[in-house]
Amino acid sequence: MHQINDFSLKRRADLDFDFLLNEKNLEIIRSNVKYRKGVGNIDRLHQLWKQIENYSNRKILNENEYRNLWDEFYDEALLIPNFCHPDVPVGDMSFAETRKTFGIKRCDSKNLLTAEKLAGSWRSVVYPRVASGERSYAFIGPLAYLEEALLSYASSVVLKNGFKLVTVPDIVPQYVTAACGLQKRSGKDMQYHIVDSTGELCLSGTAEMGIGDLIKDQTFRAEDLPTKLCAISRCYRPEISRSASEAHLYRVHEFNKMEMFIVCKPDESDRMLEEIVELQCSIFSELGLFCRLLNMPSEELGAPAAQKFDIEAWMPGRKLFGEISSASNCTDYQARRLNIKYTDENNRSHFVHTCNGTAMATNRIIISILETFQNV
């Protein structure tokens with residue numbers, strides 16, 4: 001049993017250090033990190049723990065040095081990703097497993113237009129780059145009505161399936177975004193920071209973060225699980241792409257999205273993920289889109305996900321399948337970092353599992369609809 005007596009004042013995640021610091025588990029943790037693009041260094045974590053143990057035995061301690069050592073130890077521990085579900089394919093995107101396709105491939109003419117060219121001729125979308133920067137857009141008239149209708153449709157389906165609608169802030173603490181699993185990629189920051197907040201406040205990249213902030217430090221009763229929540233929010237992402245197919249409306253810095261979020265007991269999370277995916281397939285099938293469901297490989301999983309399914313829709317104007325939704329089982333990754341628990345019938349506390357999924361990301365669904373149903 002590893003006694004973790006933190007000497008720092010920072011908010012700390014209750015990670016499973018008995019598992020992480022057990023040398024018998026080193027090889028399986030190394031392998032899992034390797035499968036997931038090599039983010040995280042379990043050997044470095046063990047080295048830091050030994051330094052902390054040695055430091056603790058000293059008669060004279062430098063408080064700042066000791067606190068910094070604890071900070072480094074926790075920062076390293078937080079980089080260790082969740083364990084992959086046994087059904088996750090190992091490898092890069094080429095190993096993605098197509099579980100099924102659904103819908104009808106309605107048109108595949110050579111003369112099809114992209115959604116942006118179609119909407120541009122209607123004067124229903126503008127790109128205010130001077131005022132708002134690159135990858136900015138605004139819907140006017142028909143597309144604005146279509147966006148509202150799509151969100152209303154998704155809401156009606158999700159609410160009929162036992163989800164409770166909540167509203168969440170677009171500004172969230174950075175420790176919450178990190179607890180939800182957002183990490184820098186290749187040194188690039190993946191979130192917008194609020195000026196004059198000393199970097200502690202960020203614009204939310206998804207309502208999943210706002211919901212996580214809403215339920216952090218909560219303890220649920222076993223009989224109240226699973227708890228199903230959903231929210232519509234503006235999502236902010238400083239993503240960059242040089243691909244022509246991802247220009248204009250496909251990869252933007254802000255968009256509207258409805259997100260589903262489930263809090264459940266550990267033995268329920270696999271089933272809850274399946275429920276989210278079935279709901280997503282139902283929503284997109286009713287829209288008449290041709291889609292494929294992918295079981296995503298290990299290198300495509302974010303740090304919190306034990307398993308992730310993506311749905312891609314055929315976008316005939318672009319002549320490609322584009323991602324329109326994802327769904328993840330995060331097991332106890334987020335719960336440990338946000339301190340979300342439940343009590344069983346014996347009044348013992350356990351960490352919950354969390355699952356999340358996209359019900360409607362309007363910009364890409366609009367692309368799919370316009371390109372699919374255009375008149376040839």
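Glycine too: its Cβ is placed from the backbone N, Cα and C atoms.
TrEMBL labels come from automatic prediction, so no person has curated them.
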In TrEMBL, the L-serine site includes THR206, ARG237, ASN356. Which of GLU259, GLU268, GLU323 does it also list there?
GLU259
Any idea what DSSP makes of ILE324 (ATP binding site), helix, strand or coil?
strand
How many Å separate the Cα atoms of GLU259 (L-serine binding site) and THR358 (site 'Important for serine binding')?
5
In this predicted model, the domain 'Aminoacyl-transfer RNA synthetases class-II family profile' (146-376) has a mean pLDDT of 94
What is the separation, in Å, between the Cα atoms of SER326 (ATP binding site) and THR358 (site 'Important for serine binding')?
6
When the Cα-Cα distance from ASN356 (L-serine binding site) is computed for each of the binding-site residues HIS253, PHE255, ILE324, which gives the smallest value?
ILE324
Excluding THR206, ARG237, GLU259, ASN356, please set out which residues of the same chain place their CB within 8 Å of the center of the CB atoms of the L-serine site, keeping sequence order.
SER204, GLY205, ALA207, GLU208, MET209, CYS235, LYS257, THR358
